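Take a look at the structure set out below.
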Amino acid sequence: MRLTPSLISCLSLLHFTSALVAFPGAEGFGANAVGGRQGEVYVVSNLNDSGEGSLRDAVSQPGRIVVFSVGGVIEITDRIVVSKQVTILGQTAPGDGITVYGNGWSFSNADDAIVRYIRIRMGKGGSSGKDAMGIADGKNMIFDHVSVSWGRDETFSINGDVSNVTIQNSIIAQGLETHSCGGLMQTDGGVSLFRNLYIDNKTRNPKVKGVNEFTNNVIYNWGGGGGYIAGGSDGESNVNVIGNYFISGPDTSVTAFTRGNENFHAYVETNYYDSDKDGTLNGSELGVDSTNYGGMDLVTEKYDYPAVASVLSPDDALTYVTKYAGASKVRDSVDTQLVAQVESYGKDGALISDEADMGGAGDLDQGTTPTDTDGDGIPDDAEAELGTDPNTADSMDLDTSGYTFLEVWANSLVPSSYA
């Protein structure tokens, strides 16, 4: 279902959108993504792979805010390609939310994407040599509380002419063997990685080149390919690495940081490493010495990149990530197992070649489709609370905050901060 917004002056709209972050709690290089705020609403009303009311159809055209009137697993055959200026609000799905299973997604050239609270699980049946999520060009994107797993090449990768991207509060897990990679983060345009969990990837947790802010992440059970891999190339990289926790798992056989050189310039601060796999969390701070950071060129001043509002200690980052990372409005069976692995502190975890080892995508409660008399994406009971008219399609009108009423409702469904 598609509706155009009520008439609003372009000047007013541009004023509001330029001053807003993507949603309350958006941080980093991608914080000012606009998404579909200047477009129309599309309600995903079924779990079909394609056709009217499907998620694939929803993201196929630019300028849309996508909400859900159904929860469950969407099984796809071909990759989903996302258009420009699309907002995907998975937290609006009833029941246990949305999982997309069977192949990967491309966000290449999907400028101003906003993606929240959704699970993207590729699997061994997906396209060979492709990422579960990939960006090969584009700008101004933010991914928040996304669970991505089972990529056949990388799990979540960013390459090429890409600028201003944030991945925050997310889980990047279990790239499938024999490749098993967390992802490449290789652009000079700026990537922020905040409060994410990298888990059960043999290598590239992540592999970084260019401009990167890496703060309050948890990295668990990387394999012999490496944890945080510096570029290892002639190109210049300039990064901040702050407040992260690296925890060795059963498959870990190399140190947390590898492949740095004189061209990889890093400001590092308060990063912890628990290497003993003894089932007890007892990591200690890595000394600020190049040998502890894989031969990086360590600098003394932090790069002036868009930072998190509040930097957590590594211990607090671990607590936060295990409680809230991923599509955590309702944790599914896969993410629940992954978090349990982390909390074994070295005893549990595995590199896998088949998602069947995790029970596959699992089953989700589809929930109950809410009553939405005017079909504008906001349920009637929520319209009463917002003060909007349940008989008039006004969800894309602007609230005094500058967000559409649709965004105001969706933002109210989840915390802006989990502090």
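Heads up, the Cβ atoms here are built off N, Cα and C, so glycines get one too.
The feature N-linked glycosylation site is assigned by Swiss-Prot to Asn48, Asn164, Asn201, Asn282. Marked as active site by Swiss-Prot: Arg204. For 261-296, the entry in Swiss-Prot reads domain 'EF-hand'. Residues or ranges marked as Ca(2+) binding site by Swiss-Prot on the basis of sequence analysis: Asp274, Asp276, Asp278, Thr280, Glu285. Residues or ranges marked as region 'Disordered' by Swiss-Prot: 350-395. Swiss-Prot lists 363-372 with the feature compositional bias 'Low complexity'. Taken from Swiss-Prot, the feature compositional bias 'Acidic residues' covers 373-386.
The shortest Cα-Cα distance from Asn164 (N-linked glycosylation site) to any of the recorded positions (Asp276, Asn282, Glu285) is found for Glu285. Listed by sequence, the residues of this chain that lie at least six past the ends of the compositional bias 'Acidic residues' (373-386) yet keep a Cβ under 8 A from its Cβ atoms are 1, 3, 41, 43, 65, 67, 92, 392-396, 405-406, 408-409. Taking the binding-site residues Asp274, Asp278, Glu285 in turn and counting surrounding C-beta atoms within 10 angstroms, the largest count is reached at Asp274. Across the domain 'EF-hand' (261-296), mean pLDDT in this model comes to 98. For the recorded site, Asn164 (N-linked glycosylation site), the DSSP three-state label reads strand. Here the candidates are the recorded positions Arg204, Asp274, Asp276, and by Cα distance the one nearest Asn282 (N-linked glycosylation site) turns out to be Asp274. Around Thr280 (Ca(2+) binding site), the same-chain residues at least 6 positions away in sequence with a Cβ under 8 Å from its Cβ are Tyr345. Secondary structure of the region 'Disordered' (350-395), assigned with DSSP and counted as helix (H, G, I), strand (E, B) and coil, comes to 11 helix, 0 strand, 35 coil. In the three-state DSSP assignment, the secondary structure recorded for Asn48 (N-linked glycosylation site) is coil. For Asp276 (Ca(2+) binding site), the nearest of the recorded positions by C-alpha distance turns out to be Asn201; the candidates were Asn48, Asn201, Arg204. Within 10 Å of the C-beta of Arg204 (active site) there are 26 other C-beta atoms, taking all protein chains into account. Each residue contributes its Cα atom, and for Asn48 (N-linked glycosylation site) and Asn201 (N-linked glycosylation site) these two points are 30 Å apart. Its own atom aside, the Cβ of Asn48 (N-linked glycosylation site) has 16 Cβ atoms within 10 angstroms in the protein chains shown. Most Cβ neighbours within 10 Å, among the glycosylation sites Asn164, Asn201: Asn201 holds that distinction in the structure as shown.
The two recorded residues, Glu285 (Ca(2+) binding site) and the residue listed as 'active site', have Cα atoms 22 Å apart.
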